[in-house]
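Engineer: Please find one structure pasted underneath; my questions will follow.
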Amino acid sequence: MYPLVRRLLFLIPPEHAHKLVFAVLRGVAAVAPVRRLLRRLLGPTDPVLASTVFGVRFPAPLGLAAGFDKDGTALSSWGAMGFGYAEIGTVTAHPQPGNPAPRLFRLADDRALLNRMGFNNHGARALAIRLARHRPEIPIGVNIGKTKKTPAGDAVNDYRASARMVGPLASYLVVNVSSPNTPGLRDLQAVESLRPILSAVRAETSTPVLVKIAPDLSDSDLDDIADLAVELDLAGIVATNTTVSRDGLTTPGVDRLGPGGISGPPLAQRAVQVLRRLYDRVGDRLALISVGGIETADDAWERITAGASLLQGYTGFIYGGERWAKDIHEGIARRLHDGGFGSLHEAVGSARRRQPS
C-alpha cells in the first residue's frame, strides 16, 4: 500500500507533501481510539527493546530524528507510528522563517534527501507552550539551534535562552551546532567555541544534555569533541547531522540543486565510521545516538553493536512508510533473542568489544 502512496506523494513538491502528511498524521492522532489502535498495531511490544539511557526510560531504540516535527505540532503522532521516542526541532530562541523555498529536494535514485531548510520554526517559547500542554506517551527530546540573526559572539546567550524555555519540559536536550544550513554554525563545533555553549546549557537545566555533530569533521576534531563531552559530563552525542559531501550520488542533476545537507543512505558509511570512532573513544561514559542512513533492521543492528544506545531516522521513514519503525524494531528484537542477549543494553557496542586490541 505505501509504495503506491509514496508514488503519489512524490508527484507533489517535497515541502508540500510534508505538510500534507503532517496534516493527516495530526488528524489521525487527534482521535484517541484511532491513536491507541495504531500504537497497538505499530508500536514496539517486546520488552527486550526497552532500555534506560541517561536516566530516561525508552520503550524502544528507534526515534524520530529532529527536522521532521520542527515545532512539536504532531507530538501525539509519533508513538502511534511505532517510534520509541521523538526529537522535536530544531527550535531557536527567536522565531524565524528559514531559507527561501525551494529548500527540500528528493534524490529518489539514492533514496535520499537534500535540504537547506535553515531552522524554520515558531521559536522556543511557542514549543514550550505546546510541550506544557502535552501528556507524552513516549520520551520527547528537543533539539536547539542558534537563531540566524544572532551573531556568533552572542551564541552562548542564544542557546541558553532556548534551554531555559524548553529544557524543563523535555526528556533530553540536544545542542545542534552542526547544521550546514545556518551560516557559520558549524564553526561553533570548534572546542574553544563549543565549550562555553555547552557549559551554559548544562548550567541552565537539569535535563540531560547532548551535542549533535557533523559527519564531515576530521577524526581529530571528533576526538576533541568526544573528550569535551566527557569533561563537561554531557549525557551523550548525537552522530550525525547531514553531510555536505556529494560523493557517490547517482540522482541526475543533483549539482544543479544548490547547497544543502544530504540525508539517507549516502550518509550511512560515514555515520558508522563516526559512531565506531566515538565509541572507541568514550566507551560507556557517554550515550551515543546514531542517525544517518538507517533503512533496515540490519542497518540498525550494525549501529547498536557498534556502540549506539539509541537510533534515529527521518529519511528512512519517508521512503519506508508507516511500518518502517515497526519492521526495524521487530528485526532488532529478533537479533537480540537469536544472539542470546538478555537486554538491548547488553548488545550495545558488542561488536567493538569483541575486536582484538
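Each Cβ is built from the backbone N, Cα and C atoms, and glycine gets one as well.
Quick paste from Swiss-Prot:
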BINDING   A66, G67, F68, D69, K70, T90, N143, N176, K212, T240, G264, G293, Y314, T315  FMN binding site
BINDING   K70, N115, R116, M117, G118, F119, N176, N181, N241, T242  substrate binding site
ACT_SITE  S179  active site, nucleophile
Engineer: Which of these recorded positions is closest to K212 (FMN binding site) if you go by CA atoms: R116, G118, N176, S179?
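Structural biologist: Nearest candidate: N176.
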Engineer: Here are some binding-site residues: K70, R116, K212. Which one has the most Cβ atoms within 10 Å of its Cβ?
Structural biologist: K212
Engineer: When DSSP states are folded down to helix, strand and coil, where does S179 (active site, nucleophile) land?
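Structural biologist: Coil, per DSSP.
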Engineer: How big is the substrate site in terms of the longest C-alpha to C-alpha distance among K70, N115, R116, M117, G118, F119, N176, N181, N241, T242, in angstrom?
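Structural biologist: Between the outermost Cα atoms of K70, N115, R116, M117, G118, F119, N176, N181, N241, T242, the distance is 16 Å.
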Engineer: Near N176 (substrate binding site), how many other Cβ atoms are within 10 Å of its Cβ?
Structural biologist: 26
Engineer: Same chain, not part of K70, N115, R116, M117, G118, F119, N176, N181, N241, T242: whose C-beta falls within 8 angstroms of the C-beta centre of the substrate site? Give them in sequence order.
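Structural biologist: For the substrate site the neighbour list reads G67, T90, G98, S179, P180, T182, G261.
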Engineer: Tell me the Cα distance separating N241 (substrate binding site) from G264 (FMN binding site), rounded to the nearest angstrom.
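Structural biologist: It is 11 Å, counting Cα to Cα.
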Engineer: Restricting to the same chain and to sequence separations of six or more, state which residues have a Cβ under 8 Å from that of F68 (FMN binding site).
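Structural biologist: Y314, F317 - these are the non-local Cβ neighbours of F68 (FMN binding site), listed in sequence order.
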Engineer: What binding-site residues among A66, K70, G118, N143 are found with a C-alpha within 10 angstroms of that of the residue listed as 'active site, nucleophile'?
Structural biologist: G118
Engineer: Check the Cα-Cα distances from N143 (FMN binding site) to the binding-site residues R116, G118, N176, N241 and tell me which is shortest.
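Structural biologist: Result for N143 (FMN binding site): the nearest of the binding-site residues is N176.
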Engineer: Taking the recorded positions one at a time (N143, S179, N241), which has its Cβ surrounded by the most other Cβ atoms within 10 Å?
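Structural biologist: Going through N143, S179, N241 one by one, the largest Cβ count within 10 Å is at N241.
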Engineer: At a 10 Å cut-off from the C-beta of A66 (FMN binding site), count the other C-beta atoms across all protein chains.
Structural biologist: 27
Engineer: In Å, rounded, how far does the Cα of N176 (substrate binding site) sit from the Cα of A66 (FMN binding site)?
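Structural biologist: About 10 Å separate the Cα atoms of these two residues.
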